[in-house]
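Asks: Here you go, one structure.
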């Protein structure tokens, strides 16, 4: 019996000693922010339904882990967790928070390998601590001046992201293994959010720019903001109610006097009258009905933005195109007036001129019409991608070159030739019309938006066309001149490649869906000729081949303009100079993922590129800057 007791005692002491020597499984990361930050849980709610949702969900979760890692870096100088047991414990803690939000109980195991958060000497240039960072890169880097504050401003965020990629490049050079680029980028993000940014990892600066976390609503870090917003809202509501009441009174007093007539029209016979303050002609509806044969099907020539377009002939013999505006989700009286006011004051040879307009109100609906000069050669899209049995000769290289330059000049005028600048927001083939000489003119300013100098727009209503929308605008409503540059880049690629912006017929690699990814991958692989429209590579009737070097330059400018990062796109003026050969085209940059990109996921062997990067749905990581 004594021997049995001694054996049990020794066994107990042995097990106690083993537990004491085993690594601690207590997680040092605080995940309380998972419940306080208004992050968008939509993709995580349906992560089991599509690969895209899963990738977006995993991206959000990676950011939620990155926030406390940045906090810990500042507190302990350690970039990652000490061992596998700690990493597993932290992922379990995160999963507990996610489950409390009624999300799936296996999200962390679905998205992560615990090893990816454990530090080791081979992660990135042997860096484990901030001391290692300083010893490798020096006491300061480009991040220190670019990422310290003010990152909610798009321009400053651009500069910070560009600095991040420069530092990443330094780290990859030091490491010597380009496959570690993703890990190095995560280190850059963690350092910028935890050490450099003055407001910290949970600030608006870090969440909106560094981590690019998709939020349900803007962050308000102080209760005072809520109070002020509530007070302003109540005041605005009261004022709005008074204004509406006044308008109702005016309507009942004066409404009958104008009901059923053209707005802004004075009955002075059949001659059109110049409307004050705009310079555009206001037609009577009877004139437009006569010109278009009562908007007959025979005169119908296509559908443009927000309406149907009819060909017409005025009494003086001039041919016009009349757009009959139809009500839609985006268009109303305010936007119609906006279009008239903007277009009527624009005069440039590469813009479609507005001849006039008409607006009729009756009991059932408002009818609005825009009158343009008729462009006899239709739109660019019809020439690039003929429909049905229509046969058109492929555009020649001189024609393609001329069209690209014309569009660039038209956009340069909108961005720099008028004050305030105008952003078109819907540059695409169907909005580029061709006159009798095949010169291009930018059309359809129904979505145009004026800008105050030096400003970027933030809007909750994104307008435009899928495949041409700049990612930062499509995802976050951040509108700048570079948004038009992105769309212009896509149009260049369509012209040079003879391929649609979104090619849904393509099978195989998801990289082939988007023309931007497809063209970039071929050019980076040294297969530029495979990206060019085949008709451009054949010799013309004269026996002379097209200038391959110039065509490649145009293709490279298109890729550069359509880069997912705002900071790496040129302005339209610089793009025009590159096209004309006045300045050199910089080397085509990689399409690097922004800070914490959803397209990277872990498989059994390490990080791989996810098909979501080039899928039809663009996610928060695809865009930034």
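Note that Cβ sites are derived from N, Cα and C of the backbone, with glycine treated the same way.
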Asks: If Swiss-Prot marks one of 121, 294 as N-linked glycosylation site, which residue does it mark?
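Replies: Matching 121, 294 against Swiss-Prot annotations yields 121.
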Asks: Could you tell me which of the ranges 165-185, 186-206, 207-227, 228-248 is annotated in Swiss-Prot as transmembrane segment?
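Replies: In Swiss-Prot, the transmembrane segment feature sits at 228-248.
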Asks: Long-range neighbours only, meaning 6 or more apart in sequence with Cβ under 8 Å: which ones does residue 303 (ATP binding site) have?
Replies: 309
Asks: If I restrict to non-local contacts, at least six residues apart, and a C-beta distance under 8 angstroms, what lies near residue 301 (ATP binding site) in its own chain?
Replies: 309, 310, 311, 321, 378
Asks: Using C-alpha atoms only, work out the spacing between residue 426 (active site, proton acceptor) and residue 307 (ATP binding site) and round it to an integer in Å.
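Replies: About 15 Å separates the two Cα atoms.
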Asks: Taking the Cβ of residue 307 (ATP binding site) as the reference point, list residues of the same chain whose Cβ is under 8 angstroms away and which are at least six residues distant in sequence.
Replies: 323, 324, 325, 326, 370
Asks: Can you check how the pLDDT averages out over the topological domain 'Cytoplasmic' (249-625)?
Replies: 75
